[in-house]
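Enquirer: So Swiss-Prot lists the following for this protein:
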type	residues	note
ACT_SITE	Lys13	active site
BINDING	Pro104, Met105, Gly106, Gly107, Gly108, Ile109, Gly110, Gly111, Gly112, Ser113, Ser114	ATP binding site
ACT_SITE	Asp146	active site
Amino acid sequence: MRNETLTLSSPAKLNLFLHITGRRPDGYHELQTLFQLLDYGDSLSFTPRDDQRITLEPSLPGVPEADNLIIKAARLLKEHITATSPDKAGQISGVSIYINKKLPMGGGIGGGSSNAATTLLALNRLWNADINTETLAALGLKLGADVPVFVRGATAFAEGVGDILHPVDTQEKWYLVVHPNLHISTAKIFSDKWLTRDTPKSTIAPALEGDLENLRNDCETVVCRMYPEIREAINWLDQFSPARLTGTGACIFASFSDKKRAEYVLSQMPTKYQGFVAKSINESPVLNELKQWRNH
């Protein structure tokens, strides 16, 4: 095992649309969505330790360590290796993890899920576990429905509970992502009795052709009813380009053909909001970073 620090990106995602097409007997929702990766996000650094401790700095406000997806991902991977490859268990060291956090929590842009995926990918490499992507994605699904798309590292059309992924190439666009400084509970939205749960299944074609007019986020109506501040933010952004919610929020977004226009709108954003401009990408930077690490 190389005793040096591995630093990897942890990109954001948008749900360009989100259709809820049914509900399974176990309570999980069937959905269709287009996960669009962005060239903006957190970064995580992993440094092997001489002991067996797994530590994270800085700790995230309001998130107990046991509930942090980064720590949970590290422990899950360690348990999996110990159970399935006892011969490799001796290679597992402790690890100090440092996060440079840019993405808001509870924003619907995949911050926690992306962090978990990056942790699985990083420690698989640091611990020389040689676990394939399929298995890592399955482990990721235990942590959250959005984790597998980040493990696979590609913009994708998703079905099932978000775990059946079809990689796609989307047209390059610039996005302005606005966070109205609210935290929205995904569980609260998905349990709301007024949530649309019977949207007819769509094909992948409209999403790829950019025909988002006929696609929507089924959570948006419920979220806007519960949180009028989200409707207010959407109305503001709508002045410049059609805006919509990503995931269950709280972030909203709009697309622009060029960076300059997106940055101009960002400069006009009310000070009560936070926001950033990012370019769409079809492949996660983590994949290339891991290749460079291997060749380093």
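Backbone N, Cα and C define each Cβ position, glycine as well.
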Enquirer: Using the recorded ATP site (Pro104, Met105, Gly106, Gly107, Gly108, Ile109, Gly110, Gly111, Gly112, Ser113, Ser114) as reference, state which further residues of the same chain have their Cβ within 8 Å of the centre of those residues' Cβ atoms, listed in sequence order.
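Expert: Apart from the listed residues, the neighbours are Ala12, Leu103, Gly247, Cys251.
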Enquirer: Taking the Cα atoms as reference points, how far is Ser114 (ATP binding site) from Asp146 (active site) in Å?
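Expert: A Cα-Cα distance of 8 Å.
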Enquirer: Roughly how many Å separate the Cα of Gly106 (ATP binding site) from that of Lys13 (active site), to the nearest whole number?
Expert: 13
Enquirer: Given the recorded positions Pro104, Gly110, Asp146, find the one whose Cα is closest in space to the Cα of Lys13 (active site).
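Expert: Closest by Cα: Gly110.
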Enquirer: Measure from the Cα of Asp146 (active site) to the Cα of every one of the binding-site residues Pro104, Gly108, Gly110, Gly112, then give the nearest.
Expert: Gly110
Enquirer: How many neighbouring Cβ atoms, not counting its own, are there within 10 Å of the Cβ of Pro104 (ATP binding site)?
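Expert: Other Cβ atoms within 10 Å of Pro104 (ATP binding site): 20.
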Enquirer: According to DSSP, collapsed to three classes, what secondary structure does Gly106 (ATP binding site) have?
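Expert: DSSP assigns Gly106 (ATP binding site) to coil.
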Enquirer: CB neighbours of Lys13 (active site) within 10 A?
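Expert: Taking every protein chain into account, the count is 27.
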